[in-house]
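Student: From TrEMBL, here are the annotated features:
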- C:127-422: domain 'NADH:quinone oxidoreductase/Mrp antiporter transmembrane' (DOMAIN)
- C:30-50: transmembrane segment (TRANSMEM)
- C:76-99: transmembrane segment (TRANSMEM)
- C:108-126: transmembrane segment (TRANSMEM)
- C:132-150: transmembrane segment (TRANSMEM)
- C:162-184: transmembrane segment (TRANSMEM)
- C:204-222: transmembrane segment (TRANSMEM)
- C:242-261: transmembrane segment (TRANSMEM)
- C:267-288: transmembrane segment (TRANSMEM)
- C:300-318: transmembrane segment (TRANSMEM)
- C:338-361: transmembrane segment (TRANSMEM)
- C:413-434: transmembrane segment (TRANSMEM)
- C:454-472: transmembrane segment (TRANSMEM)
Amino acid sequence: MTTGALLPVFALMTSLTAAVIIFTLPEQKHQLRTAVNLIAAVLKLLLVGLMIWGVFQGREYGISFPMIPGVEFVLRADALAMLFAGLSASWWLLTTVYAVGYLEDSPNRSRFFGFFSLCVASTMGIALAGNLFTFFLFYEMLTLSTYPLVVHRGTQQALRAGRTYIIYTLTGGAVLLFGIAMLHGFSGDLPFRPGGHFADMSPDLQAPLTLVFVILIAGLGVKAAIVPLHGWLPTAMVAPAPVSALLHAVAVVKAGAFGIVRVVFEIYGLETANALGLLWGLAAIAAFTIIYGSARALSQSDLKRRLAFSTVSQVSYIILGLCLAGPVGVAGGLVHLVHQGVMKITLFFCAGNYAETLGIHRIDELDGAGRRMPGTSVAFTLAAFGMIGTPPLAGFITKWTMGTGALAAGMDWVIAVLVISSLLNAAYFLPVLNRIWFREQKNAWPEERQWGRFETSAWLLWPPLITAGFLVLAGLLASASFSPLGWVELIVAREVDL
Amino acid sequence: MTPSLLYAFAGAALCGIGLFGFIVISHLLRKLLAFNLMGSGVFLVLVGLAQHRSGPDPVPQALVLTGIVVAIAATALAVVLIRRYFHLSGKTALEDPARDTLPHQGPREVREAPRE
Amino acid sequence: MTLWLMAGLLFTPLAWAVLTLLAGFRRGRVVTWLGIAIQVLVSLALWAVVVRDGGFQYPLGGWQAPLGIELRVDGLAVTFVLLTALVAAASGLHAGFYLDPDKQWHRYFWPLFWFLWAGLNVVWLGNDLFNLYVGLELISLSAVGLVALGGQSEALRAALRYLMAALLGSLAYLLGVALFYGEFGSLSLSGIASALGQDSSGDGTGFALVLMLFGLALKTALFPMHRWLPPAHGIARSPVSALLSALVVKGSFYIAARLWLELGAPLGSLALAQLLGLLGGMAVFWGGWQALRQRKLKQVVAYSSVAQIGYLFLLFPLTWNTTEAAALQAQQAMTLQVISHALAKAAMFLSAGNLIMSVGSNRVNALAGVSHFLPFSLFSFGLAGVSLMGLPPTGGFAAKWLFLQASLATGQWWWLVVLLGGGLLSAAYVFRVYRASFVEDSNIDHFFHPARRLEIIPMILALLSLGLGLMAEPVLSVMALTFANGEGT
Amino acid sequence: MIASPLMLMTVILPLASLFLAIRPQWQTIYRYSLPLLPLPAILAGLMAELHHWLELPWLLIGGLWGLDELRQTFLLLTSVLWATAGIFAVGYLETRKLRPFCLFWALTLTGNLGLIISVDLASFYSFFALMTFAAYGLVVHERTDEANRAGRVYLAMAVAGEMALLTGLLMAAHQAGSTLLTELPGAIAESDRSGMIIALLVSGFGVKAGLPFLHFWLPLAHPVAPTPASAVLSGAMIKAGLLGWLVTLPFGELSLPAWSNTLVVLGAIGALGGAALGLKQVRPKTVLAYSSISQMGLITLMVGAAMANMEQAATLFSVIALYALHHGLAKGCLFLSTAVELPTQRRFRWTLWLLIALPGFSLAGLPFTSGAAAKLAMKAELKLEQYDFAVAEYLPLIMTAGAVATMLLIWRFIWTLHQSARRGHNHPFKWLGWVAATVCSLVGFWFLPGARSEAGHSWFVLTPGELWSLCWPIVVATAIAAVGWFTRGRNGSDLG
C-alpha cells in the first residue's frame, strides 16, 4: 500500500483509535484522556493538512476494496472531500479543547469523549467517502455515535430529545438506504464522479431517476434539517454545548448538506439534475426553509433554540447555492459549508460559555453580559454579524457570491430570499447583541461561577475567540487562494463539471 | 391396496388421532402419550409406504429403529420435566404464562422475577 | 487428515458430552476448555481445507449411503461449522464463569452443551434427510434440557412448551421424510432432486415438502408459530439463550433452506413462497413490536430473535422462479443474516446477562445509570444492536442490502417495506434499552461488577458481527465454494 | 509613494486602537488618543498622490483603495471633523462608560474613513456597514430610554438600507462584471434594469443621507448621541450616503430626467420640510438635526440636477464636494457648541455667541464665509438654461427658499441654545476642540484642497449682485425671526 492509500485511512483511524483508547481508559484518568484527545486531534489535523496540500498539488489519495458483492468500500480524497475534512478536523481540535473545559467536573466523561471521537471519525468518513454506499455507512455511524452525546445529561428532557433525534435520523437513514438501493438496482455501484453518471441517460430512466432523487433528498434532508424534516434540530438543543456546536456547525447538519452536494454534483451531475427539473424544486424547498427557519428563530426565547432555528435556515443556503447551477452560485453554496460552520460553532461556543459561566440560557437574562464576559461577547457579536451577512465577515462572502450566482443564473428571486433572510437574521440577532452590550445588568446572574483569571475558563474562552478570528479572516482574505472561497473555487474549477 | 399401503393408511390415521390428542388434551402426560401415538403413526407410514413402492427394504426398518430410540429419549426427557414441573408448581398442565409486557396492556402489575 | 478432522468434528462433542457427564461442574469446565480448543482448531482446519481444495462428500467410516452416513462438506457447511465453533466457544467460556458452580443442576450444563454442539455439526454437514432428523432431535432435546436447567416452574413450563413444539415439528418433518422415501426410495437430498428432475410424477410430494417446511418453521419459531420461543429464550440462563437464539433456531432453518433450494423449484409454488415470505415479514413486524413492549430485558432480546428470524424467510420468495443472480443474492443475504444474527444475538444475550447480573434485576427500567458502571457491556449490547438494526457496516446491513437488491431485481418491492420498517423497529427497541441505561436520576449505587472476562466475550462477538459487513465479500466467497474438486473424495 | 502607507494607516490606526480597550487601566490613554486616530487620514488627504491605487487582491473579493479629487475632499472633511470632535471628546467625556465610547468611536471612525478611500465595492460596503453598526453604540451611549428608542429606529432603518444597498450593488456589480466602484456607473447605465438599481441605491444611501421619508431616524438619533458623536454623525457620516450616491449612480453616463425630477422634489421636500419641522423643535441639537436634513435636501437638488445633465455632472461634483465640505465643518462646529458651557464674563460670552453663530450664518451663506462660496458655486451651476427636466425651473426658487429656511433655523437654534445653555467651566480640551472646529470651519476651509480646487473664482471679491443674492435671504429670515421673537416675547410664553 502506498502513502496515497494510507493517508485517508490514517486520517480515519486517528479518531477511531482515540475512541477505542478512551473507551478503555478508566473514568478517573482525566489528564491522560485529555492528552489522547488532543494528540489525536492534532495528528488528524496534520494528516488532513498533508492531504489538502497534496490535493492542491493535484495528487490523488484513495483506497477501495469490495465489501459486499457488487459494492465497494471507497475512500477518496478529492478537493470537495478535503473541504469537509479540513472543516471537521480543525473544528474537532477546537471543540475538543472546548469540551475538556466544558465538562470539567462532570460525570461520564469517558463515555462522552469516546463517542465524541467516534462522531468525528464518522464525519471524516463522510468527507472521504468515495461512493454513495460508503457515504451511507458513515452517515449511519454518525447517527449512532451522536445519540449518546445528545442524551449525555440523562435527564428526561435529554432522553426525549434523543428519542426525537433518533427517530428522525434513523427514518431518514432508512429512506436514504431505500434510495441508494434503488439507484444501485438500475445502475450498479456508483462512485462519486464529477459531472455525474447520467449525462446521457436514456429517456425511460427519467421518471425513476426523478423518483430516486426525491427519495435521496428526503433521506439526506433530515440531517440537513430541511423543512419539514427539521423537527429534531431544535429539540436536540438540550445536549451539552460542545455537542450542539458539533451537531449544528459541523457534523450532523453538514453531513446532510454534504450528501446533497455529492448527490447533485457527482451522482446526477448538475446539468442532468437541472435538465430533469429537480433543482428548481430543491431551490424552492431550500428557500422556504431559509425563510421559515429565520422566522421561527424570531420567536424563540431560549438562546440555543434561537440558534438552532438559525441553523435550520442557514444550512439551506448551501442547498440553495447548489441549485443556482452556475460556477459562482455553487461556490457560494459550498463556501457556506465552511462559513456557516465557523459562525455557528462560534455562536454555540459562546452560548455554552454564557450557560456554564453565568447560568444564562434565556435571551432576556443576557442583559449586560458583555461587560462581564467581553471576550465571549465579542466572538458572539462577530459571529452574529457574520450570520446577518455583514461585510467583511464570512457570511457576507457567502451572500455576495450567492447573490452574484443568482443573477448569473437569472434566478433573481433568490436575491429577495437572501435579503429577507438577512433582515430576519438581523431582527433576531441584533436584539440579543443589544442586550449583551447595551443593557445594564438587572438581576444577579442565575448561576455564576468564577473560573480562573479570565472571564471564564481558558479552555472555554479560546476556542470561540479562535473561530471568531477565523470567521473574520475568512471574510477579509476571501480572495486569497488559501481561503475557503479560494479552495471552493478550486473545487468548482476542478470537480464541478459546468 | 397392498397390506403395506394399509399399514401406511393406518399410520396416517394414528397420526391424525395423535395430533388431535396432542392439540386438544392439556394434561401433560396424556399429551406425551398422544405424541407417542403420533410417532408410531409416522413410523408406520415410513415402513408401509416404502414397502408399498419397492418391496421389502431394510432401510426403513433401520430408520424406524433409530426413530424409536429418539422418541424414547424425548419421552424420557419429557417425563423428567413434567415430573419436576409437577413437583414445583403442582400443576399438570401448561396454562398461559403471565404476559410480561408494558403496563398499559393490563392493570395487573407483573411480579418481579428473582435475580438471575 | 480429513478423516481425523471429520472424526474430531463429530465425535469429540459426543465424547466430551460423556466425559463431562461424569465430572462435576468445575472439573467439567476445565475439560470443556480443552474440548473447545480442539473443536475450534478442527473447525478452522476443516474450513482451511475447504478454502484450499473446495468442498467434498464424505462417507462416514467408509460406509456408503443409504445405510451409511454421508456428509456433505461444502463452503456453506464449513462456514456454519466455524460459526458454531465460535459462538459455542464464546457461550461455553462465558457460561463457565457466569453459571453458579455450586448449584447442583448446573453440572448438567456441560453434557447438554456438548450434545447440542454435536447435533449442530450433524445438521450442517448432514446430507440425508433422516440424519438431519436425528441431528435436529439431538439439538432440540439438549436445548430443552438447557432451558430447564436448574430453573423454577417458570423455566420448566417454558421448557415444556418448547419441547412440545419441537416434538410436533420433528414429527411433521419425519412424516415428510417418510413420504419422500416412500415416493423416491432415497433419503439423500441430491438423490431426490435428481429423481424429481427425471420424472416429475412426484404427486403428493408437494404435500411432503409443505409438511417438512411446516415442521421446520415451527422449530424455527416462524410467526405465528413463535409463541414458544420468547419464554424459552427469555427464561434460560444467558449463555444458554445465546446458544439457542444464535444457533439452535438456525439449525432447523438451515434444513428448510436446503430443502427449498433443492426441491423448491419443482415442488414449491408461488403461493407457498410468498406465504412463507409474508409470514417472515409479519414476524419482523410482530416480533419487533412485541420486543418494544417487553418489560424484561431478555424478553426484548428474545422477541428480537423472532423478528430477525423473519428476515431469513425472505429467502423463499426471492429464490423461487427468479433469475440466478437474484437468487444468488438472496442466498448470500440469508447466509450473512444467519451469521451476523448469530454473532450479534449471542453478543446481545451475553451482555444482557452481564447487565442483569450487574443491576440484579431483569427489567429494562432497572438499567438506569448502568452506563456509568458497565459501559463496556452496554457498548457490546449496542454494537450488537447496530447489527440487528441493519446499519452499516455490520453484517446485518450487508444482509439487508443484499435482500434489498434481490427484492428490487425480482421486482418484489414489497419486501422493501419489511426490510426498512423492520430495521426501524429494531432501532426502536435497541434504543429503548439504551435510553433506559442513560437515565441519570437513579439512586441505585450498588452495582455488581462482573469479571472483565465476562465482558470481553460479548464484545468480541459484537465486533465480529460488526466486522462481518466489511468482510462480507471474502466470507461469501468461501460460502460459494461447492464441490470444486469433483464429487466425493 | 506615501499614499499607500498612509491609506493603510488610515484604517489600521483606529482599528489598532481597539487594543486599548482590553484593559480598564488603559482607558485614560485611550481617551487622549482619540484626536490622534484620524491623523493618518488627514495626512493622506493633504499629502497623498491622487489617482494612486493601492491594490489588495486578497482582500474580500478583491480590494482596491485610492483617492481622487472627490474622495480627497471627503476624506479631509471627515478626518478633520473627527479630529476636532475627538479633541472635544477628550474634554467632554466622563470616566463612566469611557471605554465603550472610545471603542465605538474608533470603529465608527474606521468605517467612515475606510469607505472614503475604498474604490472597490466590497471594502466600501464593508466600511459602510462597519460605520453603520458601530454608530449604534454611539447613538445609544447614554442608555436612556430615549436613546434606546432612537437606537432601535436607527438600526432598523439602517439594516433596511443596508439590504437595499446590498441588492443594488449586487445587481450593479453583476452587470459590470467587476467589483470596482468605478465600473458601476457605466454598467448601471447599460443595464436594462437600471431603474431598479438606481432606486435601490438611492434609497439605500438615502437612509444615511437623510433623504426625506427615509430620515426618521435622524432627528431621533443625532440629538441623543453624546455631542462629539452628534457632530460627526451630522457632519461626516451623513456625507457617506452622499458619497455613496456620487460614486455609484450613473452620472455623466446618461441623462435621467425622471430621476432628476424625483430627486429634486425629494430635495425640495427635505430642504423646506426639514426646516419647517426644525422650527418647531425646542432642543438645539434636534434643530440642528433637522437643519442637516434641510441642508442635505439642498445637496440632493444638485445630485438631482447632475442626474439630468451629463456634461455638467463633473463640475457639479466639485460643487457638491465643496458644499459637503462646508456643511460638514459648519455643522460639526454647531453641534459641538451645544455642549460648550458659557463663560461667566459677559464680554467673553458675547464673543462666544458670535463665534457660535458664525458657522450658522455661514450655513445660510453669509458673505466671505465658506457658505457663501458654496452657495455661489451652487447657484452658478444650477443655472436654468442648462437643464430641461420638468421641475428644473423651480430650482432657483427652492434654493432661495432654502437659504431663508436655513437662516430661520439658525435663529431658532441660537434661541433654543440660549434657552438651554448653562454657564460654567469648560474642560480645556473641550475649548480646544470647539475652537479647532470653528477655526476649521471659518478659516481652514479655504485652505483645504476641495475649496482650493475652485481657485478660478476668488470668493472674496464679490460682485454686488452676488452680495445681494447672498444677503437678502439672511436679512429676510432675520426679520421674520425678529418678528417671531417679538411676538413670542409679547406673549411672554417662553422667555424666562
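Along the chain as shown, the residues are counted starting at 1.
Glycine residues also receive a Cβ, built from the backbone N, Cα and C atoms like all the rest.
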Student: Look at every Cβ pair spanning the transmembrane segment (C:454-472) and the transmembrane segment (C:76-99), keep those 6 or more apart in sequence, and say whether at least 3 of them are under 8 Å.
Tutor: yes
Student: In the same chain, who gets a Cβ under 8 Å from the transmembrane segment (C:162-184) while lying at least 6 residues past its ends?
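Tutor: For the transmembrane segment (C:162-184), the far contacts come to 129-130, 133, 136-137, 140-141, 143-144, 147, 191-192, 195-196, 202, 204-205, 207-212, 214-219, 225, 228-229, 231-232, 252, 255.
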Student: When only pairs 6 or more apart in sequence are counted, do the transmembrane segment (C:204-222) and the transmembrane segment (C:76-99) reach 3 or more Cβ pairs under 8 Å?
Tutor: no
Student: In the same chain, which residue numbers or ranges, 6 or more beyond the ends of the transmembrane segment (C:76-99), come under 8 angstroms Cβ to Cβ?
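Tutor: Cβ under 8 Å, 6 or more out: 9, 25, 29, 32-33, 36, 39-40, 42-44, 46-47, 50, 55, 106, 109, 113, 116-117, 120-121, 124-125, 237-240, 242-243, 246-247, 250, 254, 335, 338-339, 342-343, 346, 350, 353, 357, 451, 453-454, 457-458, 460-461, 464, 475, 478-479.
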Student: If you count Cβ pairs under 8 Å, which stretch among C:108-126, C:242-261, C:300-318, C:413-434 touches the transmembrane segment (C:267-288) the most?
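Tutor: Selected stretch: C:300-318, with the most Cβ pairs under 8 Å.
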Student: Would you mind listing the long-range same-chain contacts of the transmembrane segment (C:242-261), meaning Cβ under 8 Å and 6+ residues beyond its ends?
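Tutor: Apart from its flanks, the transmembrane segment (C:242-261) reaches 80, 83-84, 87-88, 90-91, 94, 113, 116, 119-120, 123-124, 132, 135-136, 139-140, 143, 146-147, 169, 173, 189, 209, 212-213, 216-217, 219-221, 229, 232-233, 236, 268, 301-302, 305, 309, 312, 315-316, 319-320, 331, 334, 338, 341-343, 345-347, 349-350, 353.
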Student: Checking distant contacts: for the transmembrane segment (C:413-434), what same-chain residues at least six beyond its ends satisfy Cβ-Cβ under 8 A?
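Tutor: Same-chain residues near the transmembrane segment (C:413-434) but 6 or more away: 277, 280-281, 284-285, 288-289, 291-292, 297, 300, 303-304, 307-308, 310-311, 314, 317-318, 364, 367, 378, 381-382, 385-386, 388-391, 400, 403-404, 407.
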Student: Report, as numbers and ranges, every residue of the chain located at least six residues beyond the transmembrane segment (C:338-361) whose Cβ falls under 8 Å of a Cβ in that stretch; write 'none' if there are none.
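Tutor: Distant contacts of the transmembrane segment (C:338-361): 79-80, 83, 86-87, 90-91, 94, 98, 233, 237-239, 241-243, 245-247, 250, 253-254, 297-298, 301, 304-305, 308-309, 312, 367, 370, 373-374, 377-378, 380-381, 383-385, 387-388, 394-396, 398-399, 437, 444, 447-450, 454-455, 457-459, 461-462, 464-465, 468-469, 475.
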